[in-house]
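Engineer: The domain 'CBS' feature in TrEMBL is assigned to 252-310, 317-379. Taken from TrEMBL, the feature transmembrane segment applies to 12-32, 47-67, 109-131, 143-163, 217-234.
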Amino acid sequence: MKETLSLGRIAGIRVGLNWSVLVIVALVAVVLADGRLPTVHPGHSAWVYWALALLTAVVFLASLLAHELAHAVVARRNGVEVDGITLWMLGGAARLHTEAPTPGAELRIAAVGPLTSAVAGGLFAGLAVWLDALHVSGLLVESVAWLAAINIVLAVFNALPAAPLDGGRLLRAFLWYRTGDRLRATRGASAAGRALGWFMVVTGFAAVLFAGNLSGMWAALIGWFLIVTATAEARQAELRGVLKGVPVSRVMTPDPVTVPETMTAGRFLGQAPFDRYRHSAFPVVTPDGGVAGLVTLGIVNQVPAEARSSTTMGDVMRPLPEVETTAPGDMVVDLVPRLQESRERRALVLDGGRLVGIVTLADISRVVTWLTAATRPRS
Ligand SMILES: [Zn+2]
C-alpha cells in the first residue's frame, strides 16, 4: 500500500496515509451523521451531527494507528525491522522488513495488535460510562460508545485464526512452534485465510442479494482481500523456501552492457553500438568507470524527438540513490520484496562500489522454476 501523505514519525516509526483511508472516514461519517446519531438523539442541527461524526472518524483512525504502532514497536523490540505504517481503506498495515525470528516473537508481535484494540475499546467504554454519569450531551456519549464498540469488534475480528489477520499470525506461530516448520505453518494459516475469505465473500453477497443489506459488500470486499493476501503470503513463503541460501551472484547477469553518461538519447535509440535488443535496461557509467545510475528503454523513449540529440543518459537516468542495489553475497530471498516494490523491478549488483552485475525479477523467477523442477520432479 503506497503512502500518499506522510505524517512523519511516531516513536521513531514512519507513519503515512494512503488516499483510500478517506473511504473509512466517509463511511464512518455517513454511518454516524446520517444514521446512528440522529436516530438515537434527534433534534440537533445537521452540522452538529456531521462535525461530531467527522471528529469520531478521526479518533477512530487514531485507534487504528495505535493498533499498528503496537505491532511495530513490539516487532522492533523483537529484532524485526519495520519499514513503516500506512493506513488505508481496510485499516492499517505495518510493513515489517524481515520475518519474525522465532515462533515466540511472531506470537508477541501478532498478539499485541488485537490486545491494543481491546484495551482501547475498554477505555472508550469506561469514558462513555463516565461521561454519561456526568450528564454530558448524549450525542457525545453515543460517539464514544461507538468508538468502544468498533474497537472491540476490531479486536475480535483481527483475532480470527486466518492469514493475513493477526489471529492468522498467532495460528502460524502455534503451528510453527508445534512442527518446527515455518513453511508448513504458513501454508496452514494461509489455507485458513482463504477459507474465511470465501466465507465472507459468499455471506457478504448473500446479505446483499437476499436481505438487501448493502453492508454485505464491505464484508465481501474484506473477504476478497483476505483471499488475495493469504494466497500471496503462501506463495512468498514457498519462494522463500526454494530460494533459501541462494546468493545474488548465482542469479544475476554478470558484466551487464553499460552506456556512458554522455551518450545522447538519439544515439542510444538509433545507432547504439551495443546488443540492444537483448536488454531493456542499462547501467549508466561515468568516464572513470563508476556507476551513475540506470536507464531503461522506456525512460529514453519518453524524451521528445526534437530533444533527443541534446539529451544525454545522465539527464534522464534514475540516479544511483534511487535505484535498488545489492551485493553479490546478499541473499536473493531478501532482495525479492525490494524488487517487487521498486519501479524498475531490477537491481544493480555492486561489489565495493564496482558494478559486477544486474538482476531482475524475471531472472529470479527463472531460477525458481529451475530449482523447483530440480527438487520436485514430475512423476
Ligand atoms: Zn493487527
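The chain as shown is numbered from 1 upward.
Positions of Cβ are set from backbone N, Cα and C atoms, glycine also.
TrEMBL: automatically predicted annotations, no manual curation.
Please situate the listed features within the shown structure.
Structural biologist: Taken together, the residues of the domain 'CBS' (317-379) have an average pLDDT of 85.
Residues 1-6, 49-50, 52-54, 56-58, 60-61, 65, 69, 72-73, 76, 82-89, 91, 143, 146, 218 of the same chain lie 6 or more positions beyond the ends of the transmembrane segment (12-32) yet place their CB under 8 Å from a CB of it.
Residues of the same chain lying 6 or more positions beyond the ends of the transmembrane segment (217-234) and with a Cβ under 8 Å from any Cβ of it are 27, 90, 162-165, 168, 186-187, 189-194, 196-205, 207-208.
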